[in-house]
């Protein structure tokens with residue numbers, strides 16, 4: 001059941017702490033401003049988080065994964081291939097989209113954060129290639145990426161996101177930007193999570209832990225990305241009040257529900273009969289993720305039956321990176337961060 005009536009109809013706006021000619025997110029002046037004149041303090045916190053999340057996939061030892069991959073049962077190996085390829089098909093266009101968003105927004109902190117996110121998405125995409133090149137040969141790598149590129153369920157699953165991205169890239173307007181950002185929040189906040197869960201399920205069985213470590217780094221990055229993306233949507237709507245309509249909120253709700261339907265189809269197809277995964281729990285977890293993303297926009301829960309995480313084991317991996325399980329990620333704790341002291345935001 002969905003819970004709509006009696007709740008806020010529109011997306012909750014995020015207002016700047018001050019308003020100047022340099023604080024405009026869109027169509028403003030493009031130059032740096034003093035640190036104490038930041039209109040959105042949360043953007044500075046995002047910058048600090050992004051800057052301490054630096055990592056590269058080559059630092060992860062994949063020797064054990066190279067042995068274990070070939071011992072996976074056929075169903076698990078197919079799921080591994082399909083999901084790693086799927087994640088790559090999502091992160092590749094994400095890099096281009098976020099780069100273009102960084103060029104389109106005019107507020108300095110938003111521009112810098114988007115630029116950093118685009119760079120991290122490029123690392124994520126490279127990470128999937130690194131995983132595959134570490135465990136199998138070139139012909140198999142090409143096969144995996146071709147599988148994800150042409151699989152009908154994956155193509156259908158990605159279609160609404162790609163359509164919104166293409167519309168923004170073809171015609172950059174505040175309206176197309178907001179819709180692309182909403183679809184981006186679906187990609188990073190909902191669509192990745194069934195894939196993450198598959199790899200974490202292998203890790204909790206002490207298998208493919210190198211891949212799991214890389215996924216945990218990506219997962220941690222995506223948490224910061226979705227927080228910024230939803231805040232950017234709310235900030236743009238605070239500035240462009242004419243866009244913050246009931247129709248836009250309904251667009252967001254319908255997009256989330258459609259994403260859940262598509263994810264349900266994909267998860268049921270690829271995760272059925274995988275040892276350790278209860279598909280019904282997974283489908284409830286996908287709804288829970290949709291509720292989380294809606295909540296970050298100030299929208300009421302869409303699924304009353306999924307207001308809590310119904311897949312308890314994943315909490316240790318996907319939901320809490322201050323208490324992440326370190327026994328599987330011993331070589332470098334998966335809360336891996338570079339220390340940075342107090343970053344000077346305007347030194348960028």
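Any Cβ shown, glycine's included, is placed from N, Cα and C.
Record features (TrEMBL):
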type	residues	note
ACT_SITE	128	active site
BINDING	91, 121, 124	Fe cation 1 binding site
BINDING	121, 188, 222, 225	Fe cation 2 binding site
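Within the same chain, the residues at least 6 positions away from the residue listed as 'active site' whose Cβ sits under 8 Å from its Cβ are 84, 85, 87, 88, 91, listed in sequence order. When the Cα atoms are compared, residue 121 (Fe cation 1 binding site) and residue 222 (Fe cation 2 binding site) turn out to be 9 Å apart.
Counting only residues at least six positions away in the same chain, the Cβ atoms of 188, 189, 192 sit under 8 Å from the Cβ of residue 222 (Fe cation 2 binding site).
Other residues of the chain with a Cβ within 8 Å of the Cβ centroid of 91, 121, 124, the Fe cation 1 site, are 90, 92, 94, 95, 120, 122, 123, 125, 127, 218. With every protein chain in view, the residue among the binding-site residues 124, 225 whose Cβ has the most Cβ partners within 10 Å turns out to be 225. The two recorded residues residue 225 (Fe cation 2 binding site) and residue 124 (Fe cation 1 binding site) have their Cα atoms spaced 13 Å from each other.
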